[in-house]
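The structure appears below as structure tokens.
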Amino acid sequence: MSQTLSFVLKTHSVRKDFVHSVKVTLARRRDLQYLYNKLARTMRAEACPSCSSYDVCPNCTSSDIPDNGSSTTSIPSWEDVTKTSTYSLLLSEDTSDELCPDDLVNVAAHIRKALSTQAHPANTEMCKEQLTSLLVMAEAMLPQRSRASIPLHQQHQAARLEWREKFFSKPLDFLLERIGVSKDILQITAIWKIILEKACYCKSYGEQWFCAAKQKLREMRTFESDTLKPLVGAFIDGLRFMTVDNPNPMGFLPKLIGLVKPLNLAMIIDNHENTLSGWVVTLTAIMELYNITECTIDVITSLVTGFYDKISKATKFFSQVKALFTGFRSEDVANSFWYMAAAILCYLITGLIPNNGRFSKIKACLSGATTLVSGIIATQKLAAMFATWNSESIVNELSARTVAISELNNPTTTSDTDSVERLLELAKILHEEIKVHTLNPIMQSYNPILRNLMSTLDGVITSCNKRKAIARKRQVPVCYILTGPPGCGKTTAAQALAKKLSDQEPSVINLDVDHHDTYTGNEVCIIDEFDSSDKVDYANFVIGMVNSAPMVLNCDMLENKGKLFTSKYIIMTSNSETPVKPSSKRAGAFYRRVTIIDVTNPLVESHKRARPGTSVPRSCYKKNFSHLSLAKRGAECWCKEYVLDPKGLQHQTIKAPPPTFLNIDSLAQTMKQDFVLKNMAFEAEDGCSEHRYGFICQQSEVETVRRLLNAIRARLNATFTVCVGPEASHSIGCTAHVLTPDEPFNGRRFIVSRCNEASLAALEGNCVQSALGVCMSNKDLTHLCHFIRGKIVNDSVRLDELPANQHVVTVNSVFDLAWALRRHLTLTGQFQAIRAAYDVLTVPDKVPAMLRHWMDETSFSDEHVVTQFVTPGGVVILESCGGARIWALGHNVIRAGGVTATPTGGCVRLVGLSAQTLPWSEIFRELFTLLGRIWSSIKVSTLVLTALGMYASRFRPKSEAKGKTKSKIGPYRGRGVALTDDEYDEWREHNANRKLDLSVEDFLMLRHRAALGADDADAVKFRSWWNSRTRPGDGFEDVTVIGKGGVKHEKIRTSTLRAVDRGYDVSFAEESGPGTKFHKNAIGSVTDVCGEHKGYCVHMGHGVYASVAHVVKGDSYFLGERIFDVKTNGEFCCFRSTKILPSAAPFFSGKPTRDPWGSPVATEWKPKAYTTTSGKIVGCFATTSTETHPGDCGLPYIDDNGRVTGLHTGSGGPKTPSAKLVVPYIHIDMKNKSVTPQKYDETKPNISYKGLVCKQLDEIRIIPKGTRLHVSPAHVDDFEECSHQPASLGSGDPRCPKSLTAIVVDSLKPYCDRVEGPPHDVLHRVQKMLIDHLSGFVPMNISSETSMLSAFHKLNHDTSCGPYLGGRKKDHMVNGEPDKQLLDLLSSKWKLATQGIALPHEYTIGLKDELRPIEKVQEGKRRMIWGCDVGVATVCAAAFKGVSDAITANHQYGPIQVGINMDSPSVEVLYQRIKSAAKVFAVDYSKWDSTQSPRVSAASIDILRYFSDRSPIVDSAANTLKSPPIAIFNGVAVKVASGLPSGMPLTSVINSLNHCMYVGCAILQSLEARQIPVTWNLFSSFDMMTYGDDGVYMFPTMFASVSDQIFGNLSAYGLKPTRVDKSVGAIESIDPESVVFLKRTITRTPNGIRGLLDRSSIIRQFFYIKGENSDDWKTPPKTIDPTSRGQQLWNACLYASQHGVEFYNKVLKLAMRAVEYEGLHLKPPSYSSALEHYNSQFNGVEARSDQINMSDVTALHCDVFEV
């Protein structure tokens, strides 16, 4: 950049053209200014976040600098700024001085003004791009704490934050691609910050982020070095080879012909065939011709693995070409040739097509290029300009990375130690990269900028080191206190002692001051008179110093913040014998950490006694400190006589040991020893290390084994180190330990079986195993001898240390280097070899640094390979085995000695007993190694022979097929046999079904024999297969098989299973049953004594079975056992059996609606006598569409709730197959004792209670009174302004005198009215459609839970236990498990459920404590709470929780939205679904729960049962939920006739399924009323979203045209559809841009698609608060939980931020008032902060613990909202 500015300012002609171009551009901008400002207001929502970097910035505000650039009170004028040294350094190449930060800020301020005001004088000297670049670099070069003074800094930060929100969730490949193509420096900075942030937290995001960050920080987009220079270099080398090295080009022609072999090549091409075998033959011949067969086979694997990586980048080329052509604008070009030449030159140098702004510069330089000479001169000027642009792009890239790293150096961003360590490593990498650029001669003019960037990174590195030190355990210092009378020489002795402990000057701390900026951190610290001040808590200060935990010193200066105490030795002095009193609570901790030295000076004491009042002479002090008496006290001696009492009671009871007298030298030595002992730590030894090898021998053989290992190391030039004993020394490779059998060792052990001096001769034969007598594989031996730990680069070379070469490669081109490196690398590492080869060839003088960077990120293979590369810059020797060592020399050195010897283990390792000690992995490894060697020797010949066989097969006679089989399925036909398409399908299907491999001829022959009626086994099986293949695709039959093993229920398929046709399906056109028997797990076969089937029976539970009399008369058996205790009532009978079926069916006296196979039943259900073949039978006449047969008697007929109401007992025969005779269910008492306790007793008489027909109970459970909702202290006077109040409290409430009992009775009365719902046939057709629709994403046969406790733990433990047990579930839990009372209740219900018996369906009734609208409070309306029995809830959770979870997990794809989080991107999916509809209807329903038809609820439960397994638990749960609910309150039990209790298990899912079927039935009836037959699945032709009673219907035009009739049908079903806002009027389509669903308004906001919570719901959060239960709700609660209340108000602020700043300011005042009056420790967030937090939580960037991912409860902390 500095070269560009110098070029512009110093070259008059160029400057004149340049300024003219700028003026023209500015004039055009002024003409378009008005239009731009007008459009900016309307397009602000979609504006680029980096708009602050352009000419007219919408984010900019007015500046204090005048338009003419004159001075202000704090900023000098533009004329004065241009005279500063900083400005001169920016425009010159002087690199001796640093840039002044203050002057840099002033320059940036004027540049900002120049960007916003065209009148500023800077616009006449520099263009917009230069001004913007200077401003960006000014921000990067300043330290982070000084950037706030730069203009536009906050706008830049805001822009980067917006980019961060847009790109944070993008994958790594997308971000890296954006860095490569983006021209926006703010966007690039934000992307770098995202990459580096995720790299710091790679534990959460993946290790690939950290690896990619390290790699990309070392890379720079230098197109000139990467592409242009190698291209030019290759051209020069080729030209030199053709001219200088080969002066006679024609002499090269014979060599070229001999190399190409054109005649052989032509013959191969002539014989080529365009078939698979032809290509194999041709390619193999070409590989043989040029002798590249082996290397081609080795390379194919690498090419295939990299193929998919290239495909993934195919779209990048298209996007770049598109951006190139769409970014151009028209230019008036006088000479297009030179114009395009300049553009091509710019691309070759910078790697980028020049943008529109730089095209104007090119045009200005080429305006006078009208001749050849002037064109060449202009091109030279442009080349210099392009080189400067290339350097500028590097500086801008480095600036962006520096800003990103410096902004991550924040405790709120990088919070843990791991992230700080990774940030430190990344900062060091970038620092090293910038340092490399400072050494580049081309970048010398940018050294001031680069040095400032390095200074910024130095600050980051220092800060990270401080943060790491704070969190790291430190060495515990040694603290000695010199006590004694004043004047004895303690301070002087402390100084002398410090010099003996360390060569550094001691640090000095004064505890009388409260900050310690003067502390230097040296090894010794002296604190003189540490206890002189009573105001200082010196005891705790000393305890903090002598500690392993880091101690942060209190410092006043900003740069010293975070300074740690790091001294190793602490010397303190004191005049007190007891610095800390023993009675102090910190005395024990203090004296445990310090050692006290009692210092006395006998000469001084005698002088003071002899001559009191005279000064002490110097003769009393000696230089060697022999005048001092140093007495070291014992541990924890608080004075000379006593030791601290461990119990802290009597401190004068334990005598101190005698002191130890020392001199100054021995004291220093003692302190050093104490420091070493104090910091010794016991560390757990690692497990078996794979790099440690132990050779176990006898003690007498240790020296011999050591000599053998050293001989092996010298013979093989190995890298391991020989150690005697388990202790290891430093080694670059493995360590070989010579051990005795008794020594412990964590490594791999090998037993030495032979060991003598004569074995040294065996090494010449290279048989290491025979020499040592150990059993080792070749791989282990190679690993021992040649493994290299890490990557090592040796810049200095000793010839005796170089390994012997295995390969010598002369590098003439980049391909030579890459091809040789492949031997050293794994498959992943081979792709990085090409990059390294480019670096080596382009910059040969930087070979060690580049190879070091490359080696750090490269994975080397485990094979030992040594290669010597002879390059133009010198010789490089690379040795690899796990790791790598590299020697880079500037001259040619060839190591003599041939090929390195490969260690082998000998041929006897698997013979005899040696194999017994090898693990199987080693044996198989040897086998695979042997197979690999065999393959390597035959792979070429195998390929050649295969190709030769294919070539020979060309001349084999072939049969031709005719017709459509020709060239179609020829490979599948036999010799001379052609199949039609149908025959081909038959052949394939027959082989697949019968698991055969018949040829075509055998299949045709078998089919022919079967058609002729052959009776052999194969022909009979074929005819059976053919008949089953021709049957319908959906035929199957359920059968009961009775055998020796018992009774089995199996499904026998009568046809092959075929795919479902999703098109026209006639099964939806009319009602039909499912084809399977209801309650099949409860149905058994009744047989006679011979086992012949007579009829069926149905299990009622506990071994009681129901059947018909003519089936069980005589000797009847069930499951091979005679039945007993037979009781009859007419034709209906019951009996007992000890054989119990796995499930039971519920019975009920009522009218059936379904026959045993699910078909509808038409009957008047009036019993009368009918004449049958078995005599007169009293039964009911019915008609169905199912044909029955003899033996079907006893099968159940059911009602809408799945209860058995009658048994099949006869039919009309072949003449009238639809006529059926059904025996009604009659109660027969078969109970020996009560089966299960229940509240509702059928035997008790009915009573009337306040208009309800009910049963009286023995106990009375009253309805809870009072409320926990109170007025907030902040709104005692104005709570009436709120639209909601706590619900009515009963008869004593002045707002509504209605009693709680009356409220419950009024709420229950609608449940007692019968609601019919949709017609039977319509309902079951829609049920089939919904099942078919859900089958697309809900799996079948979801297993039920088999563990009772596991099912119980799936429940919400904050809810009621139901009518049989008082309190909530968590009240009956101990240590997370149920107590005995709850466990007994669960066990009794679970036992019945495992037998398939339905449980009592009873609920306890309460009233919900909540806020209600004031008008509803005055009317006395409260919502009921149905408390379900905990046993029923557990059984239902076990049966259907898996199905429910499968449905809710796919809410994005289906109509049911249970489980959706309206504060997440899921709301965007809802918005897209709504927008795609032709018409949208939002519907709510009044009194939804009480208007539900039992038949619809039973159909929904059957849907859940359809997707679950067929276990008894599922039968029990389904039968229980289908039975009528019973409400229990105030000592009465009411059996309701309709409705769906709100506390029913899985109520949200069942309600949603009901909703879907209601809407489907209404649509079906509306269409068929218009003579439109519905033969398709309705749910595939429209979309809907439902959550209980909330619904949004997205109708196509056809459905919308009959919407009035649809809603009319819903009303006819008993429902009460209303508008969402409860207003009166017909339901009409709404605007899809603002749809209300789940009390949320789904709309587009400036932040994206959001679900806005109702404003009144947010505001009433601040008026009421939860507290103790009371009737006085107008009085604030006595205690307030500040945590939950603070979280509630915080979330309310976040929700309010989505409604805009005006509404948020209103909420903010309420929040501040609540904080003040309620005493909360909460600071309400500002609008921008609340908006940022909500958006972060919405996008998943910032998680919160109170997030509720379900919309049936509010996402705020408190449940005050009306749901």
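In case you wondered, yes, glycine gets a Cβ from its N, Cα and C as well.
Remember, it's a predicted structure, so these values are computed and weren't measured experimentally.
Model confidence over the domain 'SF3 helicase' (458-614) stands at 86, taken as the mean pLDDT rounded to a whole number. If you look up Swiss-Prot, you'll see 458-614 marked as domain 'SF3 helicase', on the strength of sequence analysis.
The ATP binding site annotation in Swiss-Prot covers Gly484, Pro485, Pro486, Gly487, Cys488, Gly489, Lys490, Thr491 and rests on sequence analysis. The Cβ of Gly487 (ATP binding site) lies under 8 Å from the Cβ of Asn601, Val604, Val616, each of which sits 6+ residues away along the same chain.
DSSP assigns Tyr984 (O-(5'-phospho-RNA)-tyrosine) to a helical segment in the three-state reduction. Other C-beta atoms found within 10 angstroms of the C-beta of Tyr984 (O-(5'-phospho-RNA)-tyrosine) number 17, with every protein chain shown included. The O-(5'-phospho-RNA)-tyrosine annotation in Swiss-Prot covers Tyr984.
Annotation source Swiss-Prot lists phosphothreonine at Thr1040, citing similarity to another entry.
Feature annotation from Swiss-Prot assigns phosphoserine to Ser1067.
Under the heading domain 'Peptidase C24', Swiss-Prot lists 1073-1229.
Of all Cβ atoms in the shown protein chains, 21 besides its own fall within 10 Å of the Cβ of His1110 (active site, for 3CLpro activity). According to Swiss-Prot, the active site, for 3CLpro activity annotation covers His1110 (among others), on the basis of experimental evidence.
Residues annotated as active site, for 3CLpro activity in Swiss-Prot: Glu1131 (among others). Long-range Cβ proximity for Glu1131 (active site, for 3CLpro activity), meaning a same-chain Cβ under 8 A and a gap of 6 or more residues, is found for Val1108, Ala1109, His1110, Ile1177, Val1178, Gly1179, Thr1209, Val1223. Secondary structure from DSSP puts Glu1131 (active site, for 3CLpro activity) in coil.
Counting only residues at least six positions away in the same chain, the Cβ atoms of Gly1095, Tyr1096, Val1108, His1110, Val1111, Leu1207, His1208, Thr1209, Gly1210 sit under 8 Å from the Cβ of Cys1193 (active site, for 3CLpro activity). The DSSP secondary structure for Cys1193 (active site, for 3CLpro activity) is coil. The active site, for 3CLpro activity feature in Swiss-Prot is assigned to Cys1193 (among others); the stated evidence is experimental evidence.
Shown are the binding-site residues Gly484, Pro485, Pro486, Gly489; the one with the most C-beta atoms within 10 angstroms of its own C-beta is Gly484. A Cα-Cα distance of 114 Å separates Pro486 (ATP binding site) from Tyr984 (O-(5'-phospho-RNA)-tyrosine). According to its DSSP assignment, Pro486 (ATP binding site) is coil. In sequence order, Thr573, Asn575, Val599, Asn601, Val604 are the residues of the same chain, not among Gly484, Pro485, Pro486, Gly487, Cys488, Gly489, Lys490, Thr491, whose CB sits within 8 A of the CB centroid for the ATP site. Across the structure, Pro485 (ATP binding site) and Tyr984 (O-(5'-phospho-RNA)-tyrosine) are spaced 113 Å apart at their Cα atoms. Recorded residues Gly484 (ATP binding site) and Tyr984 (O-(5'-phospho-RNA)-tyrosine) have their alpha carbons 110 Å apart, per Cα-Cα distance. Of the recorded residues, Cys488 (ATP binding site) and Tyr984 (O-(5'-phospho-RNA)-tyrosine) place their C-alpha atoms 114 Å from one another.
Between the C-alpha atoms of Tyr984 (O-(5'-phospho-RNA)-tyrosine) and Thr491 (ATP binding site), the distance comes to 107 Å.
The C-beta environment of Lys490 (ATP binding site), restricted to residues of the same chain at least 6 apart in sequence and closer than 8 Å, consists of Leu482, Thr483, Gly484, Thr573, Val599. The Cβ neighbour count for Thr491 (ATP binding site), using a 10 Å radius over every protein chain in view, is 15. Annotation note: His1110 (active site, for 3CLpro activity) sits in a helical segment as assigned by DSSP.
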